[in-house]
Amino acid sequence: MSDFNTLRWLHGQPQGQGRLKVSPTDFQVVEDLGFAPDGDGEHLLVRIRKTGCNTRAVADALAKFLGIAAREVSFAGQKDKYAVTEQWLCARLPGKEMPAMRAFTLEGCEVLEFARHRRKLRLGALKGNRFSLVLRDITHRDEIEQRLSLISEKGVPNYFGPQRFGRGGSNIYQAKRWAQTGQPPRERNKRGFALSAARSLMFNTLVSERLQRFGVNQVMDGDALQLAGRGSWFVTTPEELTDLQARVDSGELLITAALPGSGDWGTQRAALAFEQATLADETELLTLLTREKVEAARRAMLLFPRELRWQWQDDATLEVSFWLPAGSFATSVIRELFNTADDVSDISE
């Protein structure tokens with residue numbers, strides 16, 4: 001099964017080199033929930049800017065400040081520690097007065113705003129993230145300029161980034177050990193990380209193999225197609241292939257790949273046969289996902305960064321910004337620009 005660094009590129013392997021995070025200010029992320037606080041309710045939403053802090057540590061510090069259990073503070077997603085990030089935390093405070101949030105202090109953190117809300121903020125309940133990056137020590141400027149234009153027009157493979165798999169692939173190691181021995185990781189969150197990593201790696205393998213053999217825009221009989229920007233999908237039939245191919249070429253529809261698990265994968269006929277053959281050697285992980293009742297799903301094979309903008313500070317330093325939907329990875333965009341020796345396994349999605 002493919003390592004992230006050996007997955008196929010949509011625009012060919014880059015020739016250039018570059019560095020992704022020389023300092024925290026080079027990697028800035030602003031969370032986009034997609035909704036505003038209600039203004040009333042038993043929950044408190046707090047928007048925080050943090051540098052050099054991981055999300056869980058900030059949540060625990062907020063719980064301590066508010067005098068509540070750590071489990072009463074939630075967030076929509078983990079954000080990178082070695083970066084400047086803005087995100088919302090949610091604290092359940094039924095029947096309590098509005099706390100003096102400006103008095104909350106934690107090194108590297110700043111409270112930006114806060115308001116009451118009616119519902120708990122759950123993991124994954126965000127629209128997306130806006131990234132502002134400074135890329136340094138870049139070579140092959142002309143090639144990277146061309147690649148930025150290609151990415152803007154044609155997107156990138158929607159790979160799960162290496163951070164999904166843990167440092168040194170630790171989450172995948174846990175999943176394979178679990179599959180082989182039947183012994184799950186002791187901690188609940190590590191079990192979740194292992195299962196997520198297993199099917200994410202298989203998704204990456206499907207996309208890379210499809211890209212190599214057919215291209216990610218070639219519609220097959222039985223493909224599961226998704227309306228761009230939507231989560232629902234439908235299955236192609238032989239009679240519709242010509243019309244659906246035109247809609248894929250125009251960007252109206254996206255071809256999906258399986259997030260394997262229990263139940264129907266969604267594809268049929270030729271597309272299903274391709275997915276099954278590609279993952280034929282992964283019976284242990286597939287059995288694990290089925291046994292643990294991880295429901296199969298679909299994910300678009302292509303990712304289109306929105307509002308992609310860039311500006312050169314000098315010939316070797318590039319500022320680039322873009323918006324990605326929840327669950328997408330900035331590292332999967334950057335890998336289409338240049339090669340990097342930086343360890344990006346700790347960059348949160």
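Using the three backbone atoms N, Cα and C, a Cβ is placed for every residue, glycine included.
On a predicted model such as this, the values are computed, not experimentally measured, just so you know.
According to Swiss-Prot, the protein has these features:
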BINDING   PHE27, ASN129, PHE329  substrate binding site
ACT_SITE  ASP80  active site, nucleophile
DOMAIN    155-303  domain 'TRUD'
Predicted model, mean pLDDT over the domain 'TRUD' (155-303): 94
Per-state residue totals over the domain 'TRUD' (155-303) - DSSP helix, strand, coil: 76 helix, 24 strand, 49 coil
DSSP three-state assignment for ASP80 (active site, nucleophile): coil
Reduced DSSP assignment, ASN129 (substrate binding site): strand
DSSP-derived structure type at PHE329 (substrate binding site), helix or strand or else coil: coil
